[in-house]
Amino acid sequence: MPTNPVRGIPYSIKSLLSPASWVLYDLANTIFSFAVLSFYFPLWLKAVGGSDQIFTNALAVSYLLVFITAPVLGAISDQAPRRIPFLVITTLICIGLTFFLGSGGLLLSLVLVAIANYFYQVGLIFYDALLADVSTEKNRGLIGGIGVGLGYCGSLVGLLIGSLVLGDSTSTDRYSLVFKGIALSFLLFSLPCFFLVREKERHVFVVSPAAAAAEVLRNLRNTWGIMRRCEGLGRFLLGRVFYTDAANTLILVMAIYMTEEIGLSRTDAEKIAFVSIIAAIFGGIVWGVVVDRVGPKRTLDMVLILWMIVLASGIAVPALHLSSQFFWVIGCLAGIALGGTWSSDRPLMIRLSPRDYLGQLYGLYSMAGRFSAIVGPLLWGLIVDTLGLGRPLAVASLLIMVLISYLILRKVDDGIRAWMGEKYVPVTANMQ
């Protein structure tokens, strides 16, 4: 087997380090997103007297800041030789803030979780764009799917930390130890991505920070025009607003819905979440294979149909007074749908975008998701707490969002673009 003459590392092994390290970060950041945002922080919040609305409003503010800053940050990463340093900084800030969650009062922890979520979401701009560096067009769906599947192993890590620390205790003081364990785990599994991911050479327009900032301001006004010239990209981003509204909101309120609306105990909710995560792990990998076989667009269509079934079932259980045991099946289907969402979503974005502008366009991609993340939580809090219409009706609003996205995306074509492949045509050649 040929080896690296400098380090003696087999080329086949060395070539796997970069994608393997990239997918491992999916595990790392999912420890935070699931265990903090979706599960233990909402449960801690309810235990100390917080409401659905105060939680969703705090996160909506952080998503608003991401919405405003995402294009600038994405464009800055396009101007820099490497994206990894941006990912390192945002990740470490998120980890540091997570470490102190639950240590102060309700207000302090709300501020900390909102800021931590901001840096987590910003980090995704740089992380998602790195998929183009660790994959090719032929294996992108598979690598993305493995990332999603392995990412949900992070949810298992988060649940394991929480269940071991909390046990049968009902004390709210123990939650601060859960958050510290989550922060340290996030750091540990992020390290390979920080040091082992190799980025492909990119054309860099400017190198100094001051010149980069000036170039960013000049280029931002052209981002909208670039998007419009990428066939199908604008419609995809519009549809993404609606289906990520449902997915992101459901992720935030799932623990509250199971415990407060369905009446499950924390331990039962943990068990159903465990089943959902296992389904998401295998679902993410299987959906990734489906993406490579039939394309990301057709895969996303199937995923959206599954989401509609999941949400309708989630409404039916409390509305028709069905047994809470149905949530074992609903949780499994929700996990499969969630794994499929990101397995098809990221490859479709990359297929519709030229690589030289990927970071800048990922800023718009993030804006689409984050705009929905502003509206979704605010709408949930409005329906549940302000209007007092109940959580099942709030879930019905998510079902409507998914249906709208399905209709919008029907005309999107995910055929291979001219700039694809190892010898892609530069995007500027297609814009004359």
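Cβ atoms are placed via backbone N, Cα and C, with glycine included.
Unlike curated entries, TrEMBL annotations are predicted automatically.
Annotation comment: TrEMBL describes 233-432 as domain 'Major facilitator superfamily (MFS) profile'. The transmembrane segment feature in TrEMBL is assigned to 22-42, 54-77, 84-101, 107-130, 142-165, 177-197, 237-259, 271-290, 302-320, 326-343, 364-383, 389-409.
Contact count against the transmembrane segment (177-197) (Cβ pairs under 8 Å) is highest for 22-42, out of 22-42, 107-130, 364-383, 389-409. Within the chain, the transmembrane segment (142-165) has long-range Cβ neighbours (under 8 A, six or more residues past its boundaries) at 19, 22-24, 26-32, 34-36, 39-40, 131, 134-135, 174, 177-178, 181-182, 185, 189, 267, 270, 273-274, 277-278, 280-289, 291-292, 335, 339, 342-343, 346-347. Outside the transmembrane segment (54-77), and at least 6 residues removed from its termini, the chain residues within Cβ reach (under 8 Å) are 37, 41-42, 45, 83, 86, 110-111, 113-115, 117-118, 121-122, 125-126, 129, 212-213, 216, 219-220, 223, 249, 252-253, 359-364, 366-367, 370-371, 373-374, 377-378, 380-381.
Only residues 6 or more beyond the boundaries of the transmembrane segment (364-383), in the same chain, are considered here, and those with a CB under 8 A from a CB of the stretch are 51-53, 55-57, 59-60, 63-64, 66-67, 70-71, 74, 121, 124-125, 128, 223, 227, 237-238, 240-242, 244-246, 248-249, 252-253, 349, 389-390, 393-394, 397-398, 401. Through the fold, the transmembrane segment (22-42) approaches residues 55, 59, 87, 91, 94-95, 98, 101, 109, 113, 116-117, 120, 123-124, 127, 130-131, 134, 143, 146-148, 150-155, 157-159, 161-162, 175, 178-179, 182-183, 185-190, 192-193, 197, 251-256, 269-270, 273, 277 of its own chain, all at least 6 residues removed from its boundaries and within a Cβ separation under 8 Å.
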